[in-house]
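Single-structure report; data block below.
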Amino acid sequence: NPEISWTLPDTSHVSQEELTSQVGDVLLYYCYCEVRDPEKLCAWQKALCQHLHLTGKVRVASEGINGTVGGSKVATSLYIKVMLSQPLFKNILCQEDFKSSAGGAHCFPDLRVGVFKEIVPMGIDPKIVSYKETGIHLSPQEFHREVEQYLSQATQGQSDTILLDCRNFYESKIGHFQGCLAPDIRKFSYFPSYVDENLELFKDKRVLMYCTGGIRCERGSAYLRSKAVCREVYQLKGGIHKYLEEFPDGFYRGKLFVFDDRYAICSNEDIISACRYCGVLWDQYKLCSSQHCRQLVLTCPSCCNKGLTACCPVCQEKELKVTSRASGQILKEECECTRRRPRVPIEPVSPRMLDTGK
């Protein structure tokens, strides 16, 4: 297990303006590897990001590292270079593992670097379900061909494949692959329960999994494989991010949700979601305006102008009551529209699906 290097890049040849420019990128990456000293890696990562004026979120664990950071083009370029030279990631992390999109440090409110049990929160001990037991990785080209074949067979009612979206419902709502199964779950930590409650659905099936950047599929596919019900489990290498780089007008339609202040990035002109209140096509998220809630809401400009800015009528009513005496306390998922949604949905399984699976 390689020793962690404390190397920080030389920035003496770079001006302060170049390091802190608002015109930059947001990087998304992960690396599964054995980390003997997560605290040390965390401290180095924090020092590195501060040195380069990067903001964002980085999760470190004994199973690896997962990050999304924003900064100037010079800063993000130096960050990648140093990460690739880190002995701990040598021969594991490579240039193409970094997904990049237009943005910068302003896309995040601050920098958060911490040590966790998992680098993506699935809620299952990595010693029980390991990333080493993942599904078969498919390149964007291979995944594209598989989806094309799946859609062709599904049209004829002959498909033995499930195209599975591993993300949360608010992500798939604004963008997804055509013909996918998108679970109505709020968090990835609900995914194992979703699989457990819907095992019959996956019996004898070929499963094509995808997520934003690929990391959720690593553990998600390992969990699905551990149930020994699927015929085969595949996953999109590099996630939707990498797929859209090669197929911006492919089988993924709508926007790609991202976990920063942009909320979404665009690759095609399709709008597949609607305003929460009037139903007009709309896909730009805002935070619920009620101070007790942190849900995201799709509300078009016309409805916003009418004061309809909360995630649901119940929150809208609460907002009016607490505005004058707000304490600043933030509670997550404390809203009627969340409580009414089943935590883990049960998918219907038709006899035809069971026959096709066999």
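We number each residue from 1, going along the chain as drawn.
Glycine residues also receive a Cβ, built from the backbone N, Cα and C atoms like all the rest.
Values in this document were obtained by computation on a predicted structure and should not be read as measured data.
Quick look at what TrEMBL annotates:
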type	residues	note
DOMAIN	157-252	domain 'Rhodanese'
Average model confidence [pLDDT] within the domain 'Rhodanese' (157-252): 96
For the domain 'Rhodanese' (157-252), the DSSP residue counts stand at 38 helix, 20 strand, 38 coil
